[in-house]
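Some features that TrEMBL has for this protein:
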type	residues	note
DOMAIN	1-76	domain 'TECR-like N-terminal'
DOMAIN	151-307	domain '3-oxo-5-alpha-steroid 4-dehydrogenase C-terminal'
TRANSMEM	81-103	transmembrane segment
TRANSMEM	162-180	transmembrane segment
TRANSMEM	255-280	transmembrane segment
C-alpha cells in the first residue's frame, strides 16, 4: 500500500492499494497520474520526507526504508518541457538573430546601411565562427546529447532564451555595426584568436560520449554510469586534469571569439558563461567525489589545478 500526501499541506492525495514490492517510483507516478491526470509523471516529485530529496524513477519500492504502508510526499514541479525543445529553441535564436545583424536588415542601423556588407574581414570571420558554434550545438542536441532527465520546468525556457538571445543581439549589434573597428593588433590578433577558436570549439563532441555529462552512462539507455578516462583521442586528454572538460573547451572557444572581435559584450558574455559553468562544474565535481570512491584526486572541476 502506498499513501501519497501533499508535501506542503500533508493532505492525502491518493491511496494506492496492492502495489507490487518490485514496483519502481516511475510505476507509482504512473498510477498516481491516473488518479490526478493534471499531474503527469514528469511534473511529479515524490520523496520520503516533505523536505527531502526527490526519489529517482528507477528506485524500487521494496528497497526504500518503508513498511507495509509506504508514505510518500508529493510536490508539483510545474509545467514541463523537453530538454531537446529547450536546447533547440535557445540555440536557434542566437544563430538567426546574429545573421539579421550581419546582413543588416532594415531598421537596425539606418536606411543607408540596409543589406550592406562590412569592409572588415574579421566581421565575416566572426559571423562564420558564431554560426558554426550554434549549428554545432544544434546538431549535438539532435544527434549527440543524452539527457538523464527528459524534461525541465517550462519557465526555464524563458530565462534561458533571454540570456542567449539577448547576448547574441548585443554582441551582433556592435560587431556588425558600420562603425565597428577591427582589433588593435590587426590580422595577427585575428589569426591567433581564430586558431584558438578552431582548435577548441570542434572538440566538444569528442570529449565524451555525452558532452553534457562527463561522467557518462555505460551504454545508451543505461542508468549505470562510469568514470571517463583519456583515450588515444588527444581531445580527451583533458580528463586527466578536469572533471568537466566540455565546460573548459566551451570557455576556451569564447575566449578565442573575444580576442578575435575585441568586443566588450562578447567579453561580458564569456565572463558570465564562465561563472555559471564554474558553478555547474564544482557541483558536478562534488557529486562525482561522493558517487565514486576511486575518482581521480588530481582532477579539478573546470580549470586544472586552480578551480
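The first residue you see is number 1, and the count goes up from there.
Glycine residues also receive a Cβ, built from the backbone N, Cα and C atoms like all the rest.
What you are looking at is a predicted structure, and each value in this text was computed from that prediction instead of being measured.
Only residues 6 or more beyond the boundaries of the transmembrane segment (255-280), in the same chain, are considered here, and those with a CB under 8 A from a CB of the stretch are 122, 125-126, 129-130, 133, 167, 170-171, 173-175, 182-184, 189-190, 192-197, 200-201, 244, 247, 301-303, 307. Distant neighbours of the transmembrane segment (81-103): 115, 123, 127, 130-131, 134-135, 137-138, 141-142, 145, 147, 149-154, 156-157, 160-161, 163-165, 167-169, 171-173, 175-176; these residues of the same chain sit at least 6 beyond its ends, with a Cβ under 8 Å from one of its Cβ atoms. Taking H, G and I as helix, E and B as strand and the rest as coil, DSSP gives the domain 'TECR-like N-terminal' (1-76) the counts 17 helix, 23 strand, 36 coil.
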